[in-house]
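> The following block contains the structure, expressed as C-alpha cells.
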Amino acid sequence: MTTLHETIIPTKRVRRMTVLISGSGSNLQALLDSALTPSLPNSQITHVISSRSNAYGLTRAKTHVPPIPTGVCALKTFQNRNPGSSREDYDCEVARQIIESKPDLVVLAGWMHILSDKFLRILNGEIPPPPPPALPPPKVDSLPSQTEAIPSLKDLSLDEKPTKDTDKTEKEEEKEKTSEDAETKVVKKDKVQELPSPPHTQSFPIPIINLHPALPGAFDGANAIGRAYDAFQNGEIENTGVMVHRVVAEVDRGEPLIVRKVEMKKEDKLEDVEKRIHEVEHQIIVEGAKMVLEELDKEGRP
C-alpha cells in the first residue's frame, strides 16, 4: 500500500495541470502535495500563472521539486505595456499562455479575475489564441515571501499523518498490494525530478474548474466568506459551504462537481469560519481535479 510520502508513477502519459492563482497559493500547495499520489494519481502541475507578481504561490511553485514553470500576467502591467488593449485582450493573453503550457486541465485556485466568454471559446478550441503581445510581461526574478506560510502536508506532525491499519492481517495487506494496477510502480516522492513531457498536439476542449467558498447559487463572486458570515450572524442562513464547479461565462454558476457544507457557530469569529472553509478547500480541490482527469481517461482523451 502507498503512504503519504510515496508516489504512484504510471507508465501511461501523465496528465498535465495548469493552475491559476492570485495569492498565497495554499490550495496550489494542496495540489502539489497530492500530485502523483493515490489522492491525485497520474497527474502533475506543469505550469502556474499568477495575476500578481508578488503572489507567494509563485514561490511555492518555483521551490517545488521538480520546480514548476511559472508566469505572471497582471492586468495593469499588460495594459500599460500594450496601450489600447482591453480587458478582453488581457483574458485572451491569459488563454494564450495556458494553451502554450499544453494542459489537460486548468484549475482556478484563488484566481481573482472574472474570465470572459472569449477566453472560454479559446480554451474550448472554437477560436485560435492571439499571437504573443508586442511587449510580453516582464520576468520576475525574486521569490515572493510570506511571513506565515501555510504548511504543506509534508509538514504535518507524525501524529497527524495517516497511520497503518493495525486491524488488517498480513494476508489482507498482501492482497491489497497485489491488486494495485500492474502498470504502476511506487517510488519515493523525492525521486520525481522531472515534469511530464507535453503532448504532441493540444486536445480540446480544455476543462476548467474553479474553487468557490460558497454553496451553489449562494454568494457568487468576491468576498463570499464574509458575506456568508454576515448573513449567518443576521439569522438569514444556517450554514455555508465550498464547491468545485466547471467554469462557464456566468460567474460561479457552472456545474457543481463537489459540494461540501461547512458549519458556522454563533460564537464564531470570521477568522474561525475562514479557517474551517480553507481546510475543506484543500480537500475538495484535489478531489475535483481527480474527478475531471478521470473523466478524460474514460473518454479516451490522448
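Heads up, the Cβ atoms here are built off N, Cα and C, so glycines get one too.
Source: prediction; values computed, not measured.
I grabbed these lines from TrEMBL:
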DOMAIN    16-126  domain 'Formyl transferase N-terminal'
REGION    130-205  region 'Disordered'
COMPBIAS  130-139  compositional bias 'Pro residues'
COMPBIAS  156-193  compositional bias 'Basic and acidic residues'
DOMAIN    193-287  domain 'Formyl transferase N-terminal'
> Let me spell it out: take the compositional bias 'Pro residues' (130-139), skip the flanking residues so only those 6+ beyond its ends count, and list any with a Cβ under 8 Å from a Cβ in it.
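Contacts of the compositional bias 'Pro residues' (130-139) (Cβ under 8 Å, skipping residues fewer than 6 from its ends): 71-74, 77-78, 81-82, 85, 89, 92-93, 96.
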> I'm checking region-level scores; what's the whole-number mean pLDDT for the domain 'Formyl transferase N-terminal' (16-126)?
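Within the domain 'Formyl transferase N-terminal' (16-126), the model's average pLDDT equals 96.
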